[in-house]
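Everything on this sheet refers to the single structure shown next.
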Amino acid sequence: MSARLSHPSAPLTRRGFNHLVVGAGTAGAIGLTAACAVEPEEVEQEPADSDEPIELNFIWWGDAGRAEVTEAALDLYRADHPNVTITTEYQDSGPYKDKLATRIAAGDAPDLMAIRRDQLREYGDRGALADLRTIEAMDLAGLSEPVLAPWDVNGQLIGVPAGLNTIGFIIQTTVLDEYGIDLPDGDTWTWDDLATMANAITAASGGSIYGTAYEMATVANLYVWVRQHGEDLYTEDGQFGASEATIQAWFDFADEMRQAGGFPPAGFFDGTTSAAEASYIAQGRTASQIIPTNNFKSYNEACGGTLALLRIPGESTAPRRGQSIDCPHLWSISSQSSYQAQAAELLSFLTNELAAWEAMGTTRGVPPNAAVAEGLLPNLEADDVTATEYILGLQAEDLPPAFADPVGATEIQSKLADVAVEVEFARITSADAAAQLVATANDVLAG
Amino acid sequence: MSTSTAPSTTAPTPAPARRVGAAGRGTPRRRNEKAAYIFLLPWFVGLLFTLIPFGASLYLAFTDYNLINNPNWIGLDNFEEMLTDEDLLQALKVTGIYTFVGVPLSLLAALGVALALNKGIRGLKYYRAVYYLPSLLGGSVAIVMLWRYIFGNQGIVNAVLAFFGIDGPSWVSDPQYALSVLISLHVWTFGSPMVIFLAGLRQIPIMYYEAASIDGASRWRQFVSITMPLLSPILFFNLVLALIGSLQTFTQGYILSGGTGGPSGSTLFYNLYLYIEGFQRFDMGYASALAWLLLMIVAMFTAANFLMSRFWVFYDN
C-alpha cells in the first residue's frame, strides 16, 4: 500500500493526493443500477413437433435434496426427449428471487421457472410470463378449477402450482407428555386453546421451553387469521382487504401470550437459516410453531419423529374458514422463451406424470393433479403421507378462495415486517402498527 | 510540487522550463509518468465499461423503468418522490450514523495501532499482517455471518455478559442495537488505514524527534507538533477514502438482515435501500435516481472534506 515517495518528509503532496482520489472514490456508486430493457413483444416460436436439438433452461429455489429429486425426474424426461437438453440452476429462495429479477431484466429469462406467489403478478402483470392456456402443448386437463383459479389473472393463466400447499401447526408431543398436557384436537381447537396450552407448557417447563412461537410477519400465517375474521388480506381485485382491527388483533393475541409467558420475549427470533434442523422446535426451545406443510417431513425428522400436525386454531369456530390451499410456489413459462411449446411439454410432464412425482416426492407439496396425488399416496413415506392427507382432507372441504398477491405485495410485506418488530419491542402500539400497515398497503396498491 | 507553470512561449521544448523547479530530475520523472499511465491502462479500459452503465443509469433515473417493460420518460418524478419517501429518510439516517460514528472510531483504532506498531517492536511484519487481515475479510459474507453468531442470542458476546451477570440484549434482532453490531464490525476492519498510517509514520524523519527531545519536548508535545502535522495528509487520505467507502456500504447490511434492512429498517443502508427498490420492488428508475443522489452526496462530502482540509492538513513541501 505504501507508495515510495521522493521526499522523505512529504508523505503525500496536495496535487499528487488529488490525482489519487479523483478516480478512486465515487466510481462504485452508480454501477449497481444499469441494466437493459426487454421488449415484451412476440418471440418467434420453435414448432411443438420440432426434432431440432434445443436447450431449455429450468430454474427453481430449494436445497440440494430438492435438486437431487428434481434432477431424477428430469432424467426420465431427458431419456424420452433426446433432442432436448435441460440446463438447471437452483438456489436458496432469498437470492433466487433477486437473481431472477436480474436475469429477466437482462433479457436472459429462463424458459421454465419457479416463481413465488407474492411475485407472480409482479412479472405476470408486466407481460414477462406466458399465458399457459394459449400454449397448445400445455396439458391442464387434470387440474381442477379451484387449483388454477388464483393464478388466472386478467384472463391469463400465468402459473400453475408446483405443489399444493398450506400451513399447519406442529406440536412436539414429547413436551406435552413430559408435562402431562393434553394434545388439542386439531379439528376443533381455538386460538384460546392454543394460548392455554402454550402458557401451560412455558409454566411447567420453568421457562426453558416456550409453548409456541410463530412468525408474526409471515404473510401465509396472516392470510389465515384475516380470513377467519371474514376478510381477505388481498382481495380478488387486488386491494388490501384486512381491517385495522383484524391486524391489531393479530398482534394483540401474540402479545397477550407473551405477557402470560406462552410466547417468547422480544428479540427471540434471531435465526440465520430456515433449515428445519436449526429451528427452535428442533432445538427444544419451543414446543410448537407454524410451518408450510410440505416441510413436515424435514421438521419431523429434525424433531425425532414425534411431531403432531394440527390445523390452524379457530377453523371450526371462526365466522369463516381461514385455511385455504395457499401455494407459495408456482411454475411459469417466460413470454420471452422461443421454446414455449417445449417448456410447456416439460411442465406438463412435471405436473401430470406420476413417474415424475414418484421421483420428486412432495418436496414442493401435493400434486395439483388429483389423480396423480391419489396414485402417489401409496409410494410416500409416512411423514409425507401425513402432510398429503392433511391437504387432501382440507381440499375436500368448502374453503375460501386464495388470490394471487397484487403488484406491490413485496413492499407491503416489508412494512409488515417492520411494524411487527416495532410492536414486538413495544416501540409502537399494536393499534399504530395496524394503522401504519393499512395506510402503507393502500398507498402502495393505489399506485 | 513546485514545478513552474509559466507558459513556455519562448522555450522550444518544455523540458528546460521544467528543469528549473524539478532540479534536473525531469527525465526520470517523465519516465515515471509513463510507467504510471501504463499501470493505469487496465483502469482506462475498465472505464469504458463503467461509462456506459453510468450513462444508462442517468437516463433511467428519469424513467419509470420496472426491469421488464421499456422505460418511459417521467421527468423529475423520481426525484420528487424522494422528498416524501420515509424509507429514504431512514436509509440516510442509518448510513449517516454508520459513517459518522464508524469512520472516526475506525480511524482512531487504526492510528492507535499504527503508533503502537511503529515503536520498532519485534515481529512487526507478523502483527501488521494480523491486524490487516480483518480489512480483507470484513466485507465478506462469511465474516458478517460470523458476526451474526457472535452477537446472536446464544452468541459469545451474551455468554461473556452473562458471566458477569448481565442479561445481554438481542443484538441482531433488536432495532436499537442491530446497527451497533455493524459499526463494531466496521471498527474491527481498521487494517487498511492502519497500514497506510504506518507507512506515513515511517516517512517522518527521526531527526525531528531527536531535535525535539534535545529541546526538551515531551512525548505528547512531539506527537502534537511533529507527528500529527506530518501525518495529516495521510489522515486526510484515510478520512476521504473511509468516508466514501462507508457511504457506499452494502454487503454488511444485506447479509445481517437477510436483504431486508431490518429489524425495522435499522440496517437499511442507502445502497441496500437502492437495491431493494431496484431488484425487489421492481422500481429500477427510482433506484437509478437514488444512485445519482448518492453520487451527489458522496461528491458533496468529499468536496467539503477537501475544503476543510485547507485548515488542518499540512503539506511539508
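Each Cβ is built from the backbone N, Cα and C atoms, and glycine gets one as well.
Those TrEMBL annotations? Automatic predictions, nothing curated.
Look at TrEMBL and you will find B:1-26 tagged as compositional bias 'Low complexity'.
Look at TrEMBL and you will find B:92-305 tagged as domain 'ABC transmembrane type-1'.
Positions annotated as region 'Disordered' by TrEMBL: B:1-28.
Here TrEMBL flags B:35-62 (among others) as transmembrane segment.
The transmembrane segment annotation in TrEMBL covers B:97-117 (among others).
What TrEMBL records for B:129-150 (among others) is transmembrane segment.
The annotation transmembrane segment is assigned in TrEMBL to B:177-201 (among others).
The transmembrane segment annotation in TrEMBL covers B:222-247 (among others). Long-range contacts of the transmembrane segment (B:222-247) within the same chain: residues 95, 98-99, 102-103, 106-107, 110-111, 115, 186, 193, 196-197, 199-201, 203-204, 208-209, 212-213, 270, 294, 297-298, 301-302, 305-306, 309, 312-316, each at least 6 residues beyond the stretch ends and with a Cβ under 8 Å from a Cβ of the stretch.
Here TrEMBL flags B:253-274 (among others) as transmembrane segment. Cβ atoms under 8 Å from those of the transmembrane segment (B:253-274) belong to residues 87-88, 90-92, 94-95, 98, 141, 144-145, 147-148, 172-176, 178-179, 181-182, 247, 280, 287, 290-291, 294 of the same chain, restricted to positions at least 6 beyond its ends.
Per TrEMBL, the feature transmembrane segment maps to B:286-308 (among others).
Highest Cβ pair count under 8 Å relative to the transmembrane segment (B:286-308), across stretches B:35-62, B:97-117, B:129-150, B:177-201: B:35-62.
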